[in-house]
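Enquirer: The following feature annotations were taken from TrEMBL:
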DOMAIN    3-166  domain 'EngA-type G'
BINDING   9-16, 56-60, 118-121  GTP 1 binding site
DOMAIN    194-367  domain 'EngA-type G'
BINDING   200-207, 247-251, 312-315  GTP 2 binding site
Amino acid sequence: MLPVVALVGRPNVGKSTLFNRLTHSRDALVADFPGLTRDRQYGQASYEQRQFIVVDTGGITGDEEGIDTLMAQQSLQAIEEADVVFFLVDARAGLLPADQLIADHLRKTDKQVFLLANKVDGIDGDSESAEFFSLGLGNVHQIAAAHGRGVAQLIQSALLPLEQEFPEMLVQKTAQEEELDAEEQLEKLQSLPIKLAIVGKPNVGKSTLTNRILGEDRVVVFDMPGTTRDSVYIPLQRDDREYIIIDTAGVRKRKKVSEAIEKFSIVKTLKAIEEANVVLLVIDAREGISDQDLSLLGFVLNSGRSLVVAVNKWDGLDTDVKDEIKRELDRRLGFIDFARLHFISALHGSGVGNLFESVDEAYRGATKRINTSMLTQIMKMAQEDHQPPMVRGRRIKMKYAHAGGYNPPIIVIHGNQVEDIPNAYKRYLMNYFRKALDVMGTPIKMEFREGANPFEGKKNQLTLAQQRKRKRLMDFHKNKK
């Protein structure tokens, strides 16, 4: 039996982001659209060598109507089930009436409540979090769920008192076991068709592009935004490879998302991204980059999906207009320099034929096999070229690296004080690994863990079950050649 941790709070305070970090998954929707997590979302979390169940809920605002009432009920039910409650508030937004309402309810329960001031990255956390002490829930734990800041210390504080009651939650997973798990995940990925989600705001030409790719009118096309309400899944075989094309409903501006059916269309779109291996983001060249495009792009990146960008309706534009659009793309999309950019006309077919080269390249990058020896060597080269900074008078020392998963590639680095590595050095490492591994089209996720190198001075001693798993994986790869 494992302890249950419930995440509660008003909408858009970062509950799903924390859920995904704790479960090392992308099961909960994460985007700048309040209230997307309507049902209780359960996941098994493994963090700081402890296993537990985490429950993500929809937000509570205090003035719920309709579907929001159901969300509030789900949150209250999750509190009843929980052994520990993480109550999240937004340090950037400050203390709001809805926070007070939730705190009033939590004080009436007999649950152990941890008050978390989220989104403290880049601000003065102490001053911005001070007002939350008035909620009467004790200490305010400052975290940045998106970047992992403060999460390890939080888990230790919350779960250490429960170890005697729940001895099953303690887990010791070695780097060898993690690498074998990653190999098993890769084997499963390579046995399935490539899922390609075609996403974008309404009326950018997603369905037209899907039909152009398929060579037939499989998806309804009409010049009215939102014609495709539900995501459509279509199998495709191309050059001896199998694909599943997912044509999605568009994501509108939030103020236009009023009807329940439109809200569920957004959920379906974001769910499609979660299911996909590669996302093809379609942008309207004539309208430029909108806030909806950037919100959708942010969700794709948070999900760790491989990415290809198609700028549609490129035909018929003047040269000066095209040059201006390219300058805007360079300025506003410079942070996704790993993604291929294509200029196309879905209606007339120009540029469409080259898309699959980038889709295949992105998928190869997301599933490229990596191992401990390779990653550790690259890490040492990066460290020699640019030493990590000093922290509290001591030099950060990275000792070894291993694969933690695929799609996206996850690189786990162990060493001393590595959890204190600043973001600028993390970006340097990410770019170094990208160039050394020669991967394009996919983000690279990095995790940092304290501790000694378990491989040092030892042979790789695997259990009998691990030996059988390794043999099965090796046989699988031999048969693929």
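Cβ coordinates are placed from backbone N, Cα and C, and glycine is handled just like the others.
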Enquirer: Looking only at C-alpha atoms, tell me how far Asn203 (GTP 2 binding site) is from Asn12 (GTP 1 binding site), rounded to the nearest Å.
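Expert: Here the two Cα atoms are 27 Å apart.
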Enquirer: Tell me the Cα distance separating Thr248 (GTP 2 binding site) from Asn12 (GTP 1 binding site), rounded to the nearest angstrom.
Expert: 23
Enquirer: Reported as an integer number of Å, what is the Cα distance between Val120 (GTP 1 binding site) and Gly200 (GTP 2 binding site)?
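Expert: Checking the Cα atoms of Val120 (GTP 1 binding site) and Gly200 (GTP 2 binding site) gives a distance of 30 Å.
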Enquirer: Between Lys15 (GTP 1 binding site) and Gly200 (GTP 2 binding site), how far is it from one CA atom to the other, in Å?
Expert: 25
Enquirer: Do you know the mean pLDDT across the domain 'EngA-type G' (3-166)?
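Expert: Mean pLDDT across the domain 'EngA-type G' (3-166) comes out at 79.
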Enquirer: For a quick check of packing: other C-beta atoms within 10 Å of the C-beta of Val120 (GTP 1 binding site), how many?
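Expert: Taking all protein chains shown, Val120 (GTP 1 binding site) has 24 Cβ neighbours within 10 Å.
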Enquirer: Going along the chain, which residues six or more apart from Trp314 (GTP 2 binding site) have their CB under 8 A from its CB?
Expert: Ala285, Lys322, Phe343, Ile344, Ser345, Ser350, Gly351
Enquirer: Measure the Cβ-based neighbour count of Asn12 (GTP 1 binding site), defined as the other Cβ atoms within 10 Å of its Cβ.
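Expert: Asn12 (GTP 1 binding site): 18 neighbouring Cβ atoms within 10 Å.
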Enquirer: In Å, rounded, how far does the Cα of Gly9 (GTP 1 binding site) sit from the Cα of Gly200 (GTP 2 binding site)?
Expert: 29
Enquirer: Taking only the Cα atoms, work out how far Gly200 (GTP 2 binding site) lies from Thr57 (GTP 1 binding site), in Å, as a whole number.
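Expert: Per the Cα atoms, Gly200 (GTP 2 binding site) and Thr57 (GTP 1 binding site) stand 27 Å apart.
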Enquirer: Quick one: give me the count of other CB atoms within 10 A of the CB of Lys206 (GTP 2 binding site).
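Expert: That number is 29.
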Enquirer: By a simple count, how many Cβ atoms lie within 10 Å of the Cβ of Thr248 (GTP 2 binding site), its own Cβ left out?
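Expert: Counting Cβ neighbours of Thr248 (GTP 2 binding site) within 10 Å gives 28.
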